[in-house]
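Presented below is the structure to which this report refers.
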Amino acid sequence: MKVLAVLYKGGQAASEEPRLLGTIENKLGIADWIKEQGHELIVTDDKEGPDSVFQKELPDTEILITTPFHPGYLTADLIAKAKKLKLCVTAGVGSDHVDLNAANERKITVAEVSGSNVVSVAEHVVLTILNLVRNYTPAHEQIVAGKWNVAAVARDSFDVEGKVIGTVGVGRIGYRVLQRLQGFDCKELLYYDYAELPAEAAKAIKARRVESLEEMLAQCDLVTINCPLHEGTKGLFNAELISKMKKGSWLVNTARGAICERQAVADAVSSGHLLGYGGDVWDVQPAPEDHVWRTMRNPNGGGQCMVPHMSGTTLDAQKRYAEGTKDIIKRYLAGEKQDPGNLIVENGEYASKAYGQRKENATGQKPPGP
Ligand code: NAD
């Protein structure tokens, strides 16, 4: 059988650092093992257009491995051509690059390595919060440029203490973000999620649920987005919703770029309605060179804390998602049941409650929280 993996190119870094497992060079550490099982493994980063290796190899592929960091976009059209496809494995967390409804129609299983990088992302969220609130990046840029102007950067520098911070989505990552903020003495920690946290879990992180997203946004000094991208969240943060946020607040998005409208964010930052926006996810990946999120600035020249999609791909996380990918394939080859926590869609149904409110969320995963 053919196993096709679409991963990112690691180049020199990957040849020098074997722990960069998520790269085409290091092949998730599973190349020899797949071969020993008697199967063929094709690994590529060439993923766009009909002549790409991804699209050419897809029709014969039974197991497709993709990663959110360099997504092989598996559209309904491509699924229609992938006649042999049975299993899609996301090496990481977040399977929105697969058309999940089309996968359901074909009864293709989509599984991800749930939990594999949630600590990595939660830490990055806290980093981004501190970076934006303290106005760190423009201050650092000053130093690199040989300048020294305290007032120019202190004018937009605040404490996290005493601020109201809210998360959209309080699943594995959102919960861990609020957990990690406990030491900062925030005024309040809020969450908006269609599923309520178990009382004990909410108490442990002193989080208050707000049932309307708009009402939560109006109360927050900083909002962090931690829900999957699905029909209900695509373009959710448009100009209208962003206008409900407090003037001078910050928005952090490490969930998926397309949850926020590109130009609406850039406009809100350049007008100063948002004092800053930061994260690591982009509506198209790799982000084009002229993507406005690379260059947007608030009226004082700061307020932008964007990096490439890296928060969930620390070397620690790569080890976990590489091992998890192997485990999912091992179970598939042995005809064993998958860990229910890893299943997104199976047997033509959503197996996860995280991809929107659907009647057919019969089987469900875990409730929100840790
Ligand atoms: P999870 O399934 O544990 O939690 C997701 C939560 O979002 C659930 O509680 C769900 O009820 C909630 N939710 C869904 N739709 C919502 C909506 N419309 N409004 C409010 N809440 C909603 O998932 P997780 O492990 O916490 O990951 C969340 C997302 O983070 C992933 O789907 C992925 O897109 C993203 N992620 C990014 C990186 C990265 O490297 N940047 C890494 C991992 C995950």
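Heads up, the Cβ atoms here are built off N, Cα and C, so glycines get one too.
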Next on the checklist: Per TrEMBL, which of THR254, THR295, THR325 sits in the NAD(+) site along with ARG172, ILE173, ASP193, PRO228, LEU229, HIS230, GLU231, GLY232, ASP280, HIS309, MET310, SER311, GLY312?
Outcome noted: THR254
Item to check | Reported mean pLDDT - the domain 'D-isomer specific 2-hydroxyacid dehydrogenase NAD-binding' (128-310) | outcome: 98
Checklist entry - What same-chain residues, at least 6 away in sequence, bring their CB to under 8 Å of the CB of GLU231 (NAD(+) binding site)? => result GLY356
Item to check | Of the recorded positions listed as VAL93, ASN117, ARG256, the one whose CA lies nearest the CA of SER311 (NAD(+) binding site) | outcome: ASN117
Next on the checklist: Using only C-alpha positions, which one of ARG172, ASP193, LEU229, HIS309 is spatially nearest ARG256 (site 'Important for catalytic activity')? These are the binding-site residues in the record.
Outcome noted: LEU229
Next on the checklist: Which recorded positions from the set VAL93, ASN117, ASP193, GLU231, THR254, ARG256 have a C-beta atom lying less than 6 Å away from ligand 1?
Outcome noted: VAL93, ASN117, ASP193, THR254, ARG256
Checklist entry - For VAL93 (substrate binding site), which residues of its chain lie six or more apart in sequence with Cβ-Cβ distance below 8 Å? => result PRO68, GLU112, VAL113, SER114, GLY115, SER116, ASN117, VAL118, VAL121, ARG172, GLY312, TYR321
Checklist entry - Around ARG256 (site 'Important for catalytic activity'), how many other C-beta atoms are within 10 angstroms of its C-beta? => result 25
